Structures are given as C-alpha cells and as structure tokens.
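TrEMBL has this to say about the protein:
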TRANSMEM  12-33  transmembrane segment
TRANSMEM  45-72  transmembrane segment
TRANSMEM  92-108  transmembrane segment
TRANSMEM  120-145  transmembrane segment
TRANSMEM  165-185  transmembrane segment
DOMAIN    173-256  domain 'DUF6534'
TRANSMEM  197-226  transmembrane segment
TRANSMEM  232-251  transmembrane segment
Amino acid sequence: MSETIDLRPTNGAALIGIFISTAMYGFTTFQMFNYYQLSWHIDSWWIKVFVFYIWSLETVHVFLLCDFVYRFAIADFGNIVAISVTHTADDVTTGITALIVLSVHLFYTRRLWILSNKSVILVGVVGLLAFAHFGLEMAVMALTFKFPDFSQFHKITAFSTYTASLALAAGDDIIIAVSLCYLLYTRRTGVRKTDTLVNRIIAYTITTGALTSVVDIACLLCFVALPNALIYLALYDIAPNLYANSLLAMLNARESLQKASEVSTATGSLFALSELRARARTAIDNDGQHRAQDGPDVVSSKIAFAYPPGTESGLVDTVLDA
C-alpha cells in the first residue's frame, strides 16, 4: 500500500490563501470602479493613474497565483517533487508584492508630508523603511531563484532576509498609522461635529494600519515557527490585497466624509445664523430702544468669523485631500 502524504499544512494552506486573495481581488476591482465613479472629477491625473497602476499590479498578482493553482491541480497533479519547488511565476510574485507594498507606503508617506507640514525627519524615516523593505523583498526574490526548494529556502541567508523584510513592513505600517493618528488628533478644533469627523478618520487609520501590521507579524511568526507548513505563504499572498484595498477604501471614503463635513458645516452655520439674528433682534440700547436696524450688520460681521479660514472647513479639506 502506497504511503499517503498530507498536503494540507503545506500546499493546501497556500491554496486557501490564494482563494482568499482571489476573492479580495474582486473587491479591489469593485473599489476601483467605485473610485472612478465618485472621484474622477476630484483628484489630479496622477492619482487616477496611480489607482489604475495599483489595480494592474493586483491583477498580475492574482494571475500569478492562479498559475500556481493550475500547476498544483492540473499540470503537476500528484507530482510531489514538482509541487515542492517554486517556479518563475512564484518568484515574480514576490517582486509584484514588493511593488504594491512600496507604492502604498509611499502614498501614505505623501499624506504624512502634507499633514506634518513637511517634516523631513518623519517622512525620511518612513521612506527609508519603505525602500529598505523593498530592497529586502528583491533580495528574497533572488534567493527564491537560487533556492527553489521550499526546504532549501530556509537556509540562514534566506531566513534572515525574509524575516527582516516582514519586520520592516510591519514596523513601517505601525509608524505610518501612529503618525497619521497623532497628526490628525493635533488638528482637532474643539468643534464637536468636526472632531467627530476627525475621530472617524483616526479610527479608520488605526483599523487599516493594524490590519496590515497584524498580517505581516503573523506571517513572520508562522515563517519562524512553522517554516515547512507554508501557512506563512498563505498570509503573504493575502498581504498585497490588504494594502491595495486599504488604499482604495481610504480614497473612496472621502466622498461620504466630505458629505458629512458639508452637513456639519451647514448645520453649524445655520445654528450660528439663527442665534445671532435672535441676539440682534433683542439688542437694546441704553435708552431702552430696540436697535433692529443694526441687526444685519451684527449678523454679517459675526458670521464672517463663525468659522475662520483653516479651522473647520479648511481642516476637513486638508485632511481629506492629503
């Protein structure tokens, strides 16, 4: 009786990751079409091109993953030796992943540059980590060409390079999320509805930053603790989808946040207008006579300073357009 080899913890785990990644690609495509419907007339041309660029990389990424499925289930079905080594498509997947992560990191670095009033130190640290991670990912891709066998890949050079790459990605995600939250928090104005809007953006930033960081850290731990189980590979296949979807979701969320800010500003202005008019109507001079004729001047002068430039509407525009 022939011996049965359990592939569930190895290639089976990788297949599950590919299936999840493919499903998330559908959501990426939906978000891309949603972006062009909502923000086509808002953003500059380079952001529109950037969105298509990210989607194109994700498309290539998914096609390469599907190539793995075809070889595993059709071309090399039952050939244990063939499915225990990486192929060119698998190696190139690492490079595509590196490009997606670098691109998203640099996009968030641009937001930090705007919100931090061009802090060279902060942007320099985040950018340095982003490019360092990209360089290590390129080194990992080169090592997969040199050591195609999964067991050989876990030699000391590949081990240290891959773990350092994952650690840098997680660290950069954490720094970006914490920095954005801090910069957004310092821009709170004290206006309740505006601060509520800023808090929503902070909560979203924490969620997306924590999600990508947790996946990177989980991938790192699985690679160290279970190097031959390929669970880390499943998480690694999902990571690019998370980066792409977090970016597109952030861009698409601006529409609803902008509408919320407009409602907030309009409500606040109407409240200020009604209050000032009431005060103008009840203003009484020293002789006890009503000064109704001064009402419009009082109203117009105070409304001009009800929302000074750069406080509420200016803050919202800066935060959402960053």
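Each Cβ is built from the backbone N, Cα and C atoms, and glycine gets one as well.
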Any contact between the transmembrane segment (92-108) and the transmembrane segment (12-33)? By contact I mean 3+ C-beta pairs closer than 8 Å, pairs at least 6 apart along the chain.
no
For a three-state summary based on DSSP, what are the helix, strand and coil counts in the domain 'DUF6534' (173-256)?
74 helix, 0 strand, 10 coil
Same chain, outside the transmembrane segment (12-33) by at least 6, Cβ under 8 Å from its Cβ: which residues?
51-52, 55, 58-59, 61-62, 65-66, 68-69, 72, 229-231, 233-238, 240-242, 244-245, 248-249, 252
Taking only the residues in the domain 'DUF6534' (173-256), give me the average pLDDT of this model.
85
Spatial neighbours of the transmembrane segment (232-251) far in sequence, C-beta under 8 Å, 6+ residues away:
13-14, 16-18, 20-21, 24-25, 27-28, 31-32, 34-35, 39, 43, 47, 51, 54-55, 57-58, 61, 65, 93, 96-97, 100-101, 104, 107, 169, 204, 208, 211-212, 215-216, 218-220, 222-223, 226
